[in-house]
Each structure stands twice: as C-alpha cells, then as structure tokens.
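Everything on this sheet refers to the single structure shown next.
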C-alpha cells in the first residue's frame, strides 16, 4: 500500500476521526470488501495486502489518455477561440490584453477547471449526480447546467449549419461571394443595389445565405437552405455521440487535431501575404493604459470563463469516465495551456489575413481617391502646383498619397469637406473591430477571395469551423446525456436520437429568415449570467459546504500527492471573490446596456441597432430565469424534505462492489462487511477502533456500537457537514 494511503496515515495517527464510516469509505480507493484481508494482524506488524481497485464497475472508460485529452481540448477549444479572442485582444489594448487574461487564467481558469475535473473523476457521475453527492440541497446546480447546455446546443449547432452551407458553396470557382450579382432590366445590366452599397461578401451573407428580414418581429418563414444545413449538422452530431464516448472519442482524434493543421497552414500562407506583418504588429502592439480599465478585466474574466467550458457539465462528464487515480491536475494545466496557446495561434492567423485584407482595401482607397484628385486637377478645381513633383499618379504609394492629402487639406481648409477625399490610413482599416459571424462569414471570407487558389482555402477554413464546432457540440451533448443516463435506466442510443430530433425541431426557430436575431438573443442571454451563477455555486459547494480541507485530502488520495496549498486559498477565497465581482459586473452590464440587436436594413444595406419588442424582451429574461430556476426549486424541496435527496448514494465507482452490501447491512455483521472476516472472529483493526466523533458533538463512540441506520444517516451529514471545512 502506498505510504501516503489514507489507511496508513490514520493507523499511524492518534487524531480523532471526524468522518462517518460511510464517508470514510467514500474517501478511500474502491475496495473489494469480499476479498479484502485486512485484519487485526496488520496492527501487529503483519504485512497488509494491497487493496484491489475494481477493473470494471460497468461505466464506460476512455480507450487512452490521449483520447481523453483530445476530447477535453476539442470541447474547450471552439469557435470563440477563432472569432472572439482576437476581437477582444484588438479591442482591449492588443498585447496588453494578454496580461490580464493570463493572470485571470491562473487565478480563476485553471483552479476551477481543476475542480471540475476532480469532482467528476472522484464521484464518476455527470453534473446532476456530482452536485447531488456533494450537497443535495445544491443539486439544482447540475440541472441548471443541463438547461444551459440545452440552450447553447440549440443555437450553436445552427452556426455549424451555416459553416456546412459555406463549405459546400466553396467548391466552385470563382467563389460565389467574390463579386456582386448582375441584374438585368431588359437590355440594361446593373449591379444589385444592396450589394453595391455594401460588399459582395456582406450581400452573400445577409441576402443569399440568411435572406434575413429587417426586424425580429418579421418571421419571413423557414429558410429552406439553412433548414437542410441544420438537419445535416444534427445528423453529424447524433452519429458522433450516439455510442457515448465509444463513438465521440474516435471522432475527437480528427475533429480536435484537424483545426491545428489548418491554422498552421493559414499562418504559413498568411505570413507570405503582403501586409500580414502590419496586421500582426498592430495586433500585438501593447496599449498599456488599457490595463487600468475595469472593462478590460471583466471581458478577460468572461473569456477565460467560457474558453474552458466551465459550468457546462461537459468537463465533469468527460472526466467521470477516467480512472480514479488519473492525474487530473496535470490534465487541467495541460488543457488550459493548450487552450491559451490556441487562442494566440488563432489571433496570429486572423490578423495576418486581416492585415493582408487591410492593405488591399487601403490600396483600393488610395486608387479611388487618386482618381478623384486627378479629376479635380483636370477640371482646375485644384492647382497643379499643389502636387509635389515626385508624385506619380499611375503608381501612387501610401506615403505619396498621404503627402498630397495633407497639402490639399492645408491649402483648401475651408472647402476640403466638399472634395470628399478620405485619408486612406492603414491604421483605420486595422482598427475596424470585427467579431463573431462578421469575422468568419464576412471579413475573413472577403480576404480569402484575394488568395491564389481561393476555393481551396475556403474549403479548408469552413471545414475547420465545422470541426471546431463539432468538438464543442460533442462536449455539450455529453453534458446533457451523461447526467440523465446516470440517473435513469434508459437506452443510450434511443435517448440520444430523441434528444437530437427534439433539438432539431426546436432549432427551427433559428432557421427562419429572422433566425439570426434569435441566435444573437440566445448567445447574449441564455448562458452568460446563469453559467456564472452555476460556477460560483460549484466553487462554494466544494470549498465551503463540502470543505476545502476534505477536498484536498480527497485529491491526495486520488493523485498520490497533495496539490499546492495555493489551490486551497484560491478555491476558498480568491475564486469566489472574483466570481462575485464578475456576477456584479455582468448584472450591471445587463442593466445599463439597452437590450437589442443589430438588424440588417435592406434599403440602407447596413446594420442598424434596434431594441427588442416587449415579447422578445420577455423572452430574453425568460431564458435567464428558466436556466436558473432549478437552483431555488431543488433547494426548497430538499430543505423541507419534499423529495428524496439521494444523499446516501456513494460514488458510482463503488456501486457494484458496495451497494449490494449496504442494502443488506442490517443482516450482516459490520466486521465482516468492513474487514472481510467471519462474524465475531476478530475485533476491529486499529483503523476502526479509533474514536468516532459524532456530528452533534465531540463525544467518542465505539464504531462497533453504531447501528446500520446510524451509519446510513451519517452519510448525509458527511456530504454537507460544515465541520469538515
């Protein structure tokens, strides 16, 4: 037996044991009690046989550690790493934003990610079972987590559907969004006005892909192309998760690794493009004054929070299929670092490509304004004396144009606005912040039209988005199916198929012509505040209800070493405080920001902010309330004993070896149950003879005198005892 085994520690210690017997069992490695040979001879110096861990408790397991790591990486690394992190980095001070992000990753991200991995691995259940086990009154945490997973899965798969549509549209040359469509009116040909006022990629997105309405109130009916794309997306997800980790684990080998191949290819190709270095330099030039703004820290904390998938239940579900002695601390650090480096890699790729696009747009601006100046010179509105002799309008460089622009602006100060000249600064193009669908389906897509062999790069890009989304969807679906399959005996395949069918039918809301606005609504309201509340309750239930000291001891039993004392203080004080501040900031942001959405106005060919109508506003707040409703309901019904709390259920990893014995405990001698000896054969070992402290006081009680009912009652106390902190 290892030297740091809890049994050895207690045999050598003279301290009172403060746990109930059932809790003591729950903290030990799983025992095969029928074959165990622990006896009083151990205390007399005889060799203690090694305790065997059950090889198979009936729960599925990962085929390899690599498969598990790829699953966690695939879940945490998603679309947000590609289109959210670069935007936040650009908006919040460039390279300076990385400092608060990394600090918050260390004090919030890694500790809470480690916490979720540990509780899932220790208790070996999904989110509902885990929090019922830790403290039954807070069992609503798992249910709220499941609700949020459902909401997010509904609209997230719509984005995968959009990517599938663009993926198939990429198999043609030229790309269908490279030029504006030409309309004919008899013998007259003209460019589509909506496209002419915006751009070819913007028109293709809003009109030919979404065919969007001008307001959320106008349904416009189903968009058949998007409906079929959504159906394909749900079929892919269903096939990936239908066998649980047996099928999703194999999918992860490809869906988790392929995006990195594409990102590296794009990075190499992007660095070869003109202007890519300008984009990267702009991206990482630190604006240190931004670090003093509270908004920067709030957005960094939110991004850390969602980048790792905290609170969704997918992290807990994946880790519940691990062996009990897996080094989840190493996993937490590794996955968090991979996630951070992936965000940096994606940012390099995005701004290398956007730097190239900015140079293209800047050259176009200089060319158009140069023609205007030539026209003014030819019509004598401007004097030729204003133009420096070295300027050649047939090859107008950015520096030459900047010089001409400055001279004209100085000389024609009063009439300059009437000339309609633009400064054409590269910095202005790079400062145009784009995120989300605007980055993936408009800005990045437009940049790829200027690539040589643009269809190939477009196919690669949207196939990467499909795989990034698929990895996150697998984790989200696992966060839904695992808790339900743990709690109820239903056929896995049938339940998964039913979930996908129901989700597809509910997802029809998002493939109406106004569906894009509902995607924005769900993204803004269904996950942000509810998930933050879920995670802070997870933190509090482990650190303050279950007890940080007890949890640290559990980790030592699992890992074979005690994690750094820093985690003790992070879990107990730092993380809860940071999360309370984040919740407060989120509520304030919701209160002061007018609820609304950016609607595409066809007549103006541009987006315009519109407030939600009353029914949509009610829907926004209903999403928040419904997601958090299980928290107070479960607390109330269990506080007043209106429903069973299931607190006498030990970890699933022990069910097959212990539950049968526990159910028959009244007919069995306790010495035989714990020691594997014949009734009355031997007294309890040194471990069991130690004084037992009752929940209500410090009076020592002989464990042999405790009835089975008392033992069972003490399980509930052990799970939620404040004395254990």
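Keep in mind that glycine also has a Cβ here, set from the backbone N, Cα and C atoms.
Note that TrEMBL annotation is computational and uncurated.
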Transmembrane segment per TrEMBL - which of 32-53, 98-119, 120-141: 98-119
Of 68-86, 182-200, the range TrEMBL labels transmembrane segment: 68-86
Where TrEMBL places transmembrane segment among the ranges 201-222, 333-354, 377-398: 333-354
Residue among the binding-site residues 77, 468 whose Cβ has the most other Cβ atoms within 10 Å: 468
Close in space, distant in sequence - residue 81 (Na(+) binding site), Cβ under 8 Å, 6 or more apart: 307, 339, 342, 343, 346, 468
In the chain carrying residue 74 (Na(+) binding site), residues 6 or more apart in sequence that have Cβ under 8 angstroms from it: 252, 255, 256, 470, 471, 472, 474, 475
Highest-contact recorded stretch vs the transmembrane segment (146-168), from 98-119, 456-482, 494-513, 567-592, CB pairs under 8 Å: 456-482
Per Cβ pairs under 8 Å, the stretch of 258-280, 456-482, 494-513, 525-546 packing most closely against the transmembrane segment (98-119): 525-546
Beyond the flanks of the transmembrane segment (68-86) by at least 6 residues, Cβ under 8 Å: 62, 159, 245, 248-249, 252-253, 255-257, 259, 283, 303, 306-309, 314-315, 318-319, 321-322, 331, 334-335, 338-339, 342-343, 346-347, 350-351, 435-437, 439-440, 465, 468-472, 474-476
Na(+) site, defined by 74, 77, 81, 339, 468, 472: further same-chain residues with Cβ within 8 Å of the Cβ centre: 73, 75, 76, 78, 79, 80, 256, 259, 342, 471
Candidates 228-246, 300-321, 333-354, 456-482, 525-546; stretch with most C-beta pairs under 8 Å toward the transmembrane segment (567-592): 525-546
